[in-house]
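Here is the structure we will look at, set down as structure tokens.
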Amino acid sequence: MKILPAIDLLGGKCVRLYQGDYDQSQVYHEDPVEVARQWQAQGASRLHLVDLDGAKEGQPVNLTAIANIVEALTIPVQVGGGLRDRNRVKQLLDLGVGRVILGTIAVENPDLVGELCAEFPGQIVVGIDARNGKVATRGWLETSTVEAGELAQRMEKLGAAAIIYTDIHRDGTMQGPNLDALRQLASQLTIPVIASGGVSQVEDLLNLLSLESLGVNGVIIGKALYTGDIQLAEAIRAVGNGRWQDVPPLDFPRLG
């Protein structure tokens, strides 16, 4: 299972929100580039960036920080937040971003998502942020009437490379991921699902492994990495490539 450290950008700084509330933000580092370098050095194979200002404004805001992070790293970076038209998507991909994450337009303009999936195959991921099973939009400030599972199935048909599922009520709470919601969502899809929100300890990651056979093949970790409740290297050893579960047994000769 892939471990994706998260960097949330607000005002050019690395922050974390509590349950998506912009009024409950905590600055963890003034320099997001330095944070990104640290996660790469500790073994991350992909980085997850969210432009919180962009999600609120409806267009990317922290472009300088994003460009600097992409330039500083050798691992791929995926970015979401405020991507609601083709030009903004292409702008980020031209910067060297590996994958872009679409959220609001998946609800408001699904045809555009289909066009982007066709133009940029494998590079379009849809982020589904759910509040009580309904999809939230516009930086989590609004809640639609669309069911998360219904939207995910439609996005798969349109060509999305993966679905990132966030349970807003778990995000930043350190209460553990919503396994039931993830199980239900993944069972309806054939494309990969990436879990996000609530992971607070290695045991949460081990619990997610039970969903890997359904297609939950990645997990985004934010606050727990910044508080030190989870060490990235430990998480990778537990559920990433080369985890102890995957090591073949030693073939000792039989005695006698």
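Note that Cβ sites are derived from N, Cα and C of the backbone, with glycine treated the same way.
Per Swiss-Prot, the features are as follows:
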ACT_SITE  ASP8  active site, proton acceptor
ACT_SITE  ASP129  active site, proton donor
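Taking the C-alpha positions, the distance from ASP8 (active site, proton acceptor) to ASP129 (active site, proton donor) comes to 15 Å. All protein chains considered, the CB of ASP129 (active site, proton donor) has 25 other CB atoms within 10 Å. Taking all protein chains in view, 24 other C-beta atoms sit within 10 angstroms of the C-beta of ASP8 (active site, proton acceptor).
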